[in-house]
Amino acid sequence: MTQDELKKAVGWAALDYVRPDTIVGVGTGSTAAHFIDALGSIKHQIKGAVSSSDASTEKLKSLGIPVFDANDVDSLDVYVDGADEINGHMQMIKGGGAALTREKIISALSRQFICIVDASKQVDVLGKFPLPVEVIPMARSYVARELVKLGGQPEYRQGVVTDNGNVILDVHNLNIMDAVAVENHINGIAGVVTVGLFANRGADVALVGTADGVKTVTK
């Protein structure tokens, strides 16, 4: 199976976690896009979705799925999204698509987080994939200097402005052994909106696309 076929398999497998008459949290990226396609097949069974990006919102609406503002819901039954890396503790690096802040808000709203990935995203230690940090523009240089102190090499993601109007620093060469501590530290730097480490609130279930089919991993 190609990588895209693996992504499609886990996207459709995630439908098993969607209950009727609920509002579904929907992520961003190529794997999440397959889940949105799958969601379109049961759109008359759900109330709608809360989306983590403008791109996902457009795709949901094109399929006729109602999109709700996060401020209009108290909680979500389930949130389905991909990841750039996931470790054995179900902690993740997310934000390659620059939607990390909205993704983190939706994960906080959700009772269950289903991470959908192909097997290439599974790692023992987080950090080989550059860690995205969303930063208020005026703080970019200051935050970059603080990230260097952590041992990372921050790189400004040129030409990218988030849906919130901010910029992204991608931090290379981090070997993240204590993901909770790193998440808390970076989130405490003035000017950081959020870091793309999902460690305090990790995934509850990972659906992993492999050559042998979709494997389910739980905490």
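Cβ coordinates are placed from backbone N, Cα and C, and glycine is handled just like the others.
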Exercise for the section: Look at the substrate binding annotation in Swiss-Prot, where Thr28, Gly29, Ser30, Thr31, Asp81, Gly82, Ala83, Asp84, Lys94, Gly95, Gly96, Gly97 are given, and name the residue from Lys47, Lys59, Lys61, Lys121 listed for that site too. Expected result: Lys121
Exercise for the section: Would you mind ranking the binding-site residues Lys94, Lys121 by how many other Cβ atoms sit within 10 Å of each Cβ and giving me the lowest? Expected result: Lys121
Practice task
Sorry to bug you, but what's the C-alpha spacing from Thr28 (substrate binding site) to Glu103 (active site, proton acceptor), rounded to the closest Å?
Solution key: 8
Exercise for the section: Sort out the sequence-distant neighbours of Ala83 (substrate binding site) for me: same chain, 6+ apart, CB within less than 8 Å of its CB, listed by position. Expected result: Met92, Ile93, Lys94, Cys115, Val117, Lys121, Phe198, Ala203
Exercise for the section: Indicate whether Gly96 (substrate binding site) is helix, strand or coil by DSSP. Expected result: coil
Completion exercise
Quick note, Ser30 (substrate binding site): same-chain residues at least 6 apart with CB under 8 Å of its CB -> Asp4, Lys7, Gly82
